[in-house]
Structures are given as structure tokens and as C-alpha cells.
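Now, the feature entries from TrEMBL:
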- His131: active site, proton donor/acceptor (ACT_SITE)
- Lys135: active site, proton donor (ACT_SITE)
- Asp31, Gly71, Thr72, Thr73, Ala96, Ser97, Asn98, Phe99: NAD(+) binding site (BINDING)
- Lys32: NADP(+) binding site (BINDING)
- His132, Gly141, Thr142: (S)-2,3,4,5-tetrahydrodipicolinate binding site (BINDING)
- 1-99: domain 'Dihydrodipicolinate reductase N-terminal' (DOMAIN)
- 102-230: domain 'Dihydrodipicolinate reductase C-terminal' (DOMAIN)
Amino acid sequence: MKIALLGYGKMGKTIEKIAIERNHTIVLKVDKEDHNYDIAEADVAIDFSIPSAAVQNITKCITAGVPIVSGTTGWLAQYDEMVSLCKEKNGAFIYASNFSLGVNLFFELNKKLAKMMSPVEGYEPSMEEIHHTEKLDAPSGTAITLAEDIIDHTSKTSWKLDQGDKYAIPIAAKRIENVPGTHTVTYSSIVDDIEIKHTAHNRDGFALGAVVAAEWLQNKNGVYSMKDVLGL
Ligand SMILES: NC(=O)C1=CN([C@@H]2O[C@H](COP(=O)(O)OP(=O)(O)OC[C@H]3O[C@@H](n4cnc5c(N)ncnc54)[C@H](O)[C@@H]3O)[C@@H](O)[C@H]2O)C=CC1
Ligand SMILES: O=C(O)C1=N[C@H](C(=O)O)C[C@H](O)C1
């Protein structure tokens, strides 16, 4: 498969390594100074760039008829716009706040736990995410997905950075050098805590998931999620 990398930072470089191991070819590496490039030479594009560039990159791919896998976080206010564009152009698009198999299993566990906790009185959910100090967005996209899944299954109606109000799930976003990504969901009562946690040891899981998603998306049309790719 001929892959275009949109964003050649920590993730772009890790994806390159995994893609080559899986016998793919990187035909294009686009970073912040690269504006005039022909995306049409790629079979699929993988965007791990920055929040302010994601929409432009995704639009360019969909318009050119190139399937696009986006892992960039922090731009989701325009997600519905990208979905409409994809449908209008009969394109192929996957966004996931987290592409790793481990986190996608963790998402399912989080939903199951939220369903279990929903009728139980006396427990308050809260979340913590820890990432490296270069991260531009907070809370993380993964934390937002976890919070939205809790909101779907409990009486909570929103999430809030740091201390929430009674109806919001508080999310603490911590930045510590070199941490690839740690997410904890806690239900606290006066007598005890129930906690689930995912710790990424490196970026290989995110990158492998993105390459597997790109392989899966090739020759398809439509808007998909990692749940579709993994059959969860
Ligand atoms: N969905 C997932 O599984 C994961 C998502 N991410 C997200 O991926 C994104 C990138 O993460 P990292 O690689 O760690 O960041 P990074 O900062 O190491 O790399 C981002 C790269 O994008 C480049 N860039 C800036 N403007 C651009 C443009 N217009 N077009 C293309 N590239 C441009 C930057 O120069 C930089 O090299 C972040 O939004 C992060 O939250 C990170 C890991 C996993
Ligand atoms: O910026 C990162 O590094 C990561 N970003 C994603 C997010 O915002 O959830 C996924 C992962 O946690 C690493």
C-alpha cells in the first residue's frame, strides 16, 4: 500500500517504522512547511499532525478521493463537518481518539463499568489523564471519548477539566515529560474506590492500530470507527 504521512513528528515517525515492517511504502511525508504536494499518488493517508491542521488535511484527502485515517486530537468541534464532506464526496474516513487495541478494549470495559455503576448510589466518577509535556490539547481525545461513554450510560451530563459541578465528570490533565499516555477512570465512594487504568508503554500500539485501520479502509467508502476495524 502506498501511504502518505500527514504530520512527521513522534507519531508520523513511529507509523513509518510499523508501516515499513508491514511491507507498505511511504510515498509522501508532509510536515508544517510542506504546502504544495500531490496527495493523489497515495492509496491512503494517515494524519497525525496538530489540532489546527487536521481539518485542512482531512478535507484535502477527501476532496482528492484518498481514504484518510486521522488520529489527530483537539479538532472535534468540526468532526460533523468532515463526516458530511465525506458523505457528499463518497469518500472514506476513520477518526479515532486512540488507535491502540488496548485502549479500544479499555473503551469497552469503561462502557460496561459505567452501565454497572449507573443504578448504584454513592459513587462519583472522575478521570485522570497523563501525557508528555509537548501535548497541545487538554484533556486528551481519549479522555473525552471515555467521558462521553460514561455520560451515555449514567446521569452525568458533561465533563469538565479539573473540578466539575455535580453533573459533570471532573478530568484532571497532567503533563509529565516523556509519558506516552495514561488514562484512569475512578468511581469514588466514602468507603472505597473502584478504578480502571490503561498505561501505554510506548507509541507502537497507537501506530500499529493506525496502520491496521489504513489497511482496512483501503477500497472502502464511508465513515468508520476503530470499533468497525476491530469488530468489537
Ligand atoms: N489517535 C491516536 O491513537 C493518537 C493520537 N495522537 C495525536 O496525534 C497528534 C500528533 O501527535 P505527535 O506525533 O505526538 O505530535 P508531534 O508534535 O510529535 O507531531 C506533530 C507533527 O505535525 C506537524 N505539523 C504541523 N502543522 C502541520 C500541517 N499543516 N500538516 C502536517 N503536519 C503538520 C508538526 O510540525 C509535527 O512534526 C496529536 O494530536 C496527538 O494528540 C497521538 C498519539 C496517538
Ligand atoms: O498526544 C498524545 O501523545 C496522545 N494523544 C491521544 C489523545 O489525545 O488521547 C492518544 C494518546 O493518549 C497519545
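Here the Cβ of each residue, glycine as well, is placed from N, Cα and C on the backbone.
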Going by DSSP, is Thr142 ((S)-2,3,4,5-tetrahydrodipicolinate binding site) sitting in a helix, a strand, or coil? helix
Rounded to a whole angstrom, what is the C-alpha distance between Ala96 (NAD(+) binding site) and Lys32 (NADP(+) binding site)? 22
Looking only at C-alpha atoms, tell me how far Phe99 (NAD(+) binding site) is from His131 (active site, proton donor/acceptor), rounded to the nearest Å. 16
Thr142 ((S)-2,3,4,5-tetrahydrodipicolinate binding site) and Thr72 (NAD(+) binding site), compared by Cα position, are separated in whole Å by 11
His131 (active site, proton donor/acceptor) - helix vs strand vs coil (DSSP): strand
Given Gly71, His131, His132, Thr142 as the recorded positions, which ones have a Cβ positioned under 6 Å from some atom of ligand 1? Gly71
Entries of Asp31, Lys32, Asn98, His131, Lys135 which, being recorded positions, have CA atoms within 10 angstroms of Gly141 ((S)-2,3,4,5-tetrahydrodipicolinate binding site): Asn98
Span of the recorded NAD(+) site, as the biggest CA-CA distance among Asp31, Gly71, Thr72, Thr73, Ala96, Ser97, Asn98, Phe99 in Å, is 21
Within 10 angstroms of the C-beta of Asp31 (NAD(+) binding site), the count of other C-beta atoms across all shown chains comes to 13
Residue pair Gly71 (NAD(+) binding site), the residue listed as 'active site, proton donor/acceptor' - Cα distance, angstrom, rounded: 16
Taking ligand 2 as the reference, state which of the binding-site residues Lys32, Gly71, Thr72, Ala96, Thr142 have a Cβ closer than 6 Å to one of its atoms. Thr142
Rounded Cα separation (Å) that holds between Thr72 (NAD(+) binding site) and His132 ((S)-2,3,4,5-tetrahydrodipicolinate binding site): 15
Other than His132, Gly141, Thr142, which residues of the chain come within 8 Å of the (S)-2,3,4,5-tetrahydrodipicolinate site, judged by Cβ distance to the Cβ centroid of those residues? Thr73, Ser97, Asn98, Glu129, His131, Lys135, Asp137, Ser140, Ala143, Gly181
Any idea what the model's mean pLDDT is for the domain 'Dihydrodipicolinate reductase N-terminal' (1-99)? 97
